[in-house]
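Shown next, in structure tokens, is the structure this report addresses.
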Amino acid sequence: MRLLTLLGLLCGSVATPLGPKWPEPVFGRLASPGFPGEYANDQERRWTLTAPPGYRLRLYFTHFDLELSHLCEYDFVKLSSGAKVLATLCGQESTDTERAPGKDTFYSLGSSLDITFRSDYSNEKPFTGFEAFYAAEDIDECQVAPGEAPTCDHHCHNHLGGFYCSCRAGYVLHRNKRTCSALCSGQVFTQRSGELSSPEYPRPYPKLSSCTYSISLEEGFSVILDFVESFDVETHPETLCPYDFLKIQTDREEHGPFCGKTLPHRIETKSNTVTITFVTDESGDHTGWKIHYTSTAQPCPYPMAPPNGHVSPVQAKYILKDSFSIFCETGYELLQGHLPLKSFTAVCQKDGSWDRPMPACSIVDCGPPDDLPSGRVEYITGPGVTTYKAVIQYSCEETFYTMKVNDGKYVCEADGFWTSSKGEKSLPVCEPVCGLSARTTGGRIYGGQKAKPGDFPWQVLILGGTTAAGALLYDNWVLTAAHAVYEQKHDASALDIRMGTLKRLSPHYTQAWSEAVFIHEGYTHDAGFDNDIALIKLNNKVVINSNITPICLPRKEAESFMRTDDIGTASGWGLTQRGFLARNLMYVDIPIVDHQKCTAAYEKPPYPRGSVTANMLCAGLESGGKDSCRGDSGGALVFLDSETERWFVGGIVSWGSMNCGEAGQYGVYTKVINYIPWIENIISDF
């Protein structure tokens, strides 16, 4: 609230030719005649003060000294606003029956204030009268006394000289500028059940509002209305709903109007569309109504679940648009005729029939199990039984294959897949047994011996640009020397790979073809033999038998079997002492040579490129005569693991003296244990 005097002073200091025109300030001083001297007898003076519309007058006294009389009958100051007397004042201090202004401030009820001063014909003492000051100030119309109706329905905003009203969201200001009417028309309900109510329910509903609600369901439904909780709409004892009313209209009939405090009865409309109209006038304080609506329709036949199945959801009845699904017990699947279904849901139609026939729940059949390469399958539950919970047992061909990872037991599960005890759906793997040989070693050193069938079943003959050797890994990889297949690294199909034979020129052998050649990335051709190792991937897996068996890769503990003077065995069809390629597979048992001793042997001429590295190991006799030679390149230097009783590849024939078996020189082999990560990565990636 601001004093108009202050506004007047402010407006006077700023030139605003285009701005709003403020009212002239209203303020001033009033005093009794002769003030500050004593006032005379038989005096009457009247002042009428007027403020602009929207303002009121404020008046207070700075001095007041009048004759005191009973009920201020003699001398007094009377304050009036319109027809109402605000106060009659006399004396200097208030008593039980008389009032003096003291420090009170007086306000006009409107924009005018009348002040009347009167003295009677005699005063026993001299009285000095009064001095008062007045000013116009803005009326805050938004403030109302307790018990009075608010100025605005929702929000009241005071401003100088007036006020205005505004409404909350969802309401609009009525043309009377005070009432907030609800925006409640055009609401459409399309769900099969729901609730609707008067605005603000259960608080008093707004005045001067017209609400329209529509329930619109699909044809075939019938709407049912239930009034719930409470019903309170303004009524009249003699006239039917003259003020506020509720009406319900369908395409068949009209219900209502409704008003009063009694809940209307249930209304079964027999219609799929309903319009509800609610109209209020400008008065009253009533809480309104609430309706819960439902719908019904012609029911469909009650669904009976098939054997080994159940219906969901279970309802007392199913009407239009209601649906149910069929779920089969674990181990059973939905079938419509002979066609499997991922799910089944039927919907009730408006004519009371289901849109789909009932399916069957048939036991899951996993079908005949897949054949296991290098293995067999046995039906445990019963001959040819492949239905839910049936058990089969896979096993690998004995001696030459062993099952990898799981135990081979598979069960037909509810998803229709044969599944292992570890949850695997893929077939088990029959992995070739490695390191089997018909030969045993007693540790004697001897050489140039012919191999017998089954002695070196991992031996591979590689024919390409030259004759070389290799060793079978698993059933589709060959380990060899990089220099032996370097020329064919981009033409793998040019390699002729033979295995399962002892005689180099025999027509009886197992043929294999190369799919890809992998040379170690650290190998540099014609620049020494460091990293002289390669892998050949075969087009197809070979069948493992007594004559074709893979060699084992070394375990971490394998170096304990490859110390100095430990015996390894090299085999191949390389040059013999007579200078010709051997017709029969030959082998030689040779000891491991101290690494420093071997390194020193190749530091002397004529071996400018003969550098022995940590990736190599040496074997042979200091006296010579026992060695691998040209044509043996890529073959395996193998050792017997006495703990597993399996043979493993410790070295790959790489290089040596220009004259094979030369005294003081040794055969140099790629140290396979240094390349286990490289070998495993290549095999797993390809």
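Backbone N, Cα and C define each Cβ position, glycine as well.
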For the Ca(2+) 1 site that Swiss-Prot gives as GLU67, ASP120, SER122, ASN123, the extra residue out of ASP75, ASP114 is ASP75
Quick one: find which recorded stretch in 16-137, 184-296, 445-684 has the most Cβ pairs under 8 Å with the domain 'Sushi 2' (364-432).
445-684
Whole-number Å distance between the CA of CYS366 (disulfide bond) and the CA of CYS328 (disulfide bond)?
16
Just give me the nearest neighbour of ASN158 (Ca(2+) 2 binding site) among the disulfide-bonded residues CYS152, CYS211, CYS241, CYS396, CYS618, Cα to Cα.
CYS152
Excluding ASP138, ILE139, GLU141, ASN158, HIS159, GLY162, please set out which residues of the same chain place their CB within 8 Å of the center of the CB atoms of the Ca(2+) 2 site, keeping sequence order.
GLY54, ASP140, CYS142, LEU160, GLY161, PHE163
Once near-sequence residues are set aside, which residues in the chain of CYS90 (disulfide bond), 6 or more away, have Cβ atoms under 8 Å from its Cβ?
LEU66, GLU67, LEU68, SER69, CYS72, TYR74, ASP75, PHE76, VAL77, GLU98, ARG99, ALA100
Cα-Cα distance linking CYS660 (disulfide bond) and CYS241 (disulfide bond), given in Å to the nearest integer:
125
Ten-angstrom check, please: count other Cβ atoms within 10 Å of the Cβ of CYS348 (disulfide bond), all chains counted.
24
Under 8 Å by Cβ from ILE139 (Ca(2+) 2 binding site), same chain, sequence gap 6 or more
GLY54, TYR55, ARG56
